[in-house]
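Annotated features in Swiss-Prot:
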DISULFID  CYS73-CYS230  disulfide bond
DISULFID  CYS164-CYS384  disulfide bond
DISULFID  CYS185-CYS212  disulfide bond
DISULFID  CYS393-CYS425  disulfide bond
CARBOHYD  ASN108  N-linked glycosylation site
TOPO_DOM  1-12  topological domain 'Cytoplasmic'
TOPO_DOM  31-440  topological domain 'Lumenal'
TRANSMEM  13-30  transmembrane segment
Amino acid sequence: MKMTGWKKKLCRGHHLWALGCYMLLAVVALRLSLRLKCDVDSLDLESRDFQSQRCRDVLYKNLKLPAKRSINCSGITRGDQEAVVQALLDNLEVKKKRLPFTDTYYLNITRDCEQFKAQRKFIQFPLSKEELDFPIAYSMVVHEKIENFERLLRAVYAPQNIYCVHVDVKSPETFKEAVKAIISCFPNVFMASKLVPVVYASWSRVQADLNCMEDLLQSSVPWKYLLNTCGTDFPIKTNAEMVLALKMLNGKNSMESEIPSEYKKTRWKYRYEVTDRLSLTSKMKDPPPDNLPVFTGNAYFVASRAFVQHVLENPKSQRLIEWVKDTYSPDEHLWATLQRAPWMPGSVPYHPKYHISDMTAIARLVKWQGHEGDVSMGAPYAPCSGIHQRAICIYGVGDLHWILQNHHLLANKFDPRVDDNVLQCLEEYLRHKAIYGTEL
């Protein structure tokens, strides 16, 4: 009897042990299954698994950007003044402590591209089929501050998009090499085939974009729209939001285009010459070709592929391009004028009803010092919480809530040397929204 009881206990023990092992294996298999379903190398963008909360959590855990400072970004994006004040105070301390990443840092970290992309948390797969089917082209003109460039590229990067980078010929060699090292890690990012020395307010700024336009049109990527950026820009929309906004344009372009003031008209009254800087001459210019009225705007555009093709190929566009080459800051009236030219795809008539301000266009959100003031008294926006450079606000954390209320795709200017916290919070906001589709 004792032996029989012992055998029963032994059998019962083996049964419980086997059951426990089976349950453990089942849990491991379930976890492995969930992980496999969230494997970024074999994602089905339309599957329930990819859309599941569990999968999104796994993705966000792997792609969440590491916070450099303990600040309340959720509160800052909502306009919580206590969170803003704390971040501004924190920023004063950061200025004394944190130095931006150097050219050498990027030259070293990009020796192993996979490690670089993983460590810097680049999103290396499309986040939706809608984004996959609507590639965007970028013309990125840079000349300094390598960290600004890398963080901008990371923020706008998606593997289905295509990116042309133009580096100022005058930039230091170490900067050029660092840019080359970064873009060598991505098959869809390349250096412009022709580089020019960029002189402030001269034709060369336009030529840099034109060089990228030519290269991008030769790419096999079937991009739909072109956005141009500089080193102090940053997106304020996710790639998915950009795709939606561009689809809503339905082939139209979006850029500032207004009647010029008398002061602005002086920019194309006389010819300018370029050496190492732009110089005014006493030579008067002829009227613009084809009796085209000149409009004014800014350097930034959201342009359809057809618009870009006509910039480069249409004889009337080429005549206008030749005419503006010796004007002051031609990027601020060439695109604005082409946007009103009747032969340009996606343009609008030059009737006053079609004037469009920088606040109405979606290309770029900028705070101009001369327009800042009391919103309750009619000012378009409140004073800059950062500092000003050439009468333009370099944003601080106090501007972020306002920035995110606007419909623009990108904003200008940002500089981590001025306020790194606003960039950290914007990066965190965009990454969370890209993965979950919701705000912080």
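Quick reminder: no glycine exception, Cβ is built from N, Cα and C everywhere.
Features recorded in Swiss-Prot, as mapped to the structure shown.
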residue : record                      : DSSP class
CYS73   : disulfide bond              : helix
ASN108  : N-linked glycosylation site : helix
CYS164  : disulfide bond              : strand
CYS185  : disulfide bond              : coil
CYS212  : disulfide bond              : helix
CYS230  : disulfide bond              : strand
CYS384  : disulfide bond              : coil
CYS393  : disulfide bond              : strand
CYS425  : disulfide bond              : helix
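Annotated pair CYS230 (disulfide bond) and CYS164 (disulfide bond), C-alpha to C-alpha distance, rounded: 12 Å. Neighbour list (CYS212 (disulfide bond), Cβ cut-off 8 Å, at least 6 residues apart, same chain): SER139, MET140, VAL141, CYS164, VAL165, HIS166, ALA192, ASN228. Of all the disulfide-bonded residues listed here (CYS185, CYS230), the one with the fewest other CB atoms within 10 A of its own CB is CYS185.
Take the Cα of CYS185 (disulfide bond) and measure to each of the recorded positions CYS73, ASN108, CYS384, CYS393, CYS425: the nearest one is ASN108. Its own atom aside, the Cβ of CYS384 (disulfide bond) has 19 Cβ atoms within 10 angstroms in the protein chains shown.
Cβ environment of CYS73 (disulfide bond): ALA67, GLN424, CYS425, GLU428, TYR429, LEU440 lie under 8 Å away, each six or more residues apart in the same chain.
Taking the Cα atom of each, CYS393 (disulfide bond) and CYS384 (disulfide bond) are about 6 angstrom apart. Summed and averaged per residue, pLDDT over the topological domain 'Cytoplasmic' (1-12) gives 47. Neighbour density at the Cβ, taken as the number of other Cβ atoms within 10 Å, is lowest among the disulfide-bonded residues CYS164, CYS393, CYS425 for CYS393. Using a 10 Å radius centred on the Cβ of ASN108 (N-linked glycosylation site) and all shown protein chains, the other Cβ atoms total 13. For the pair formed by CYS384 (disulfide bond) and ASN108 (N-linked glycosylation site), distance between Cα atoms is given as 37 Å, rounded to the nearest Å.
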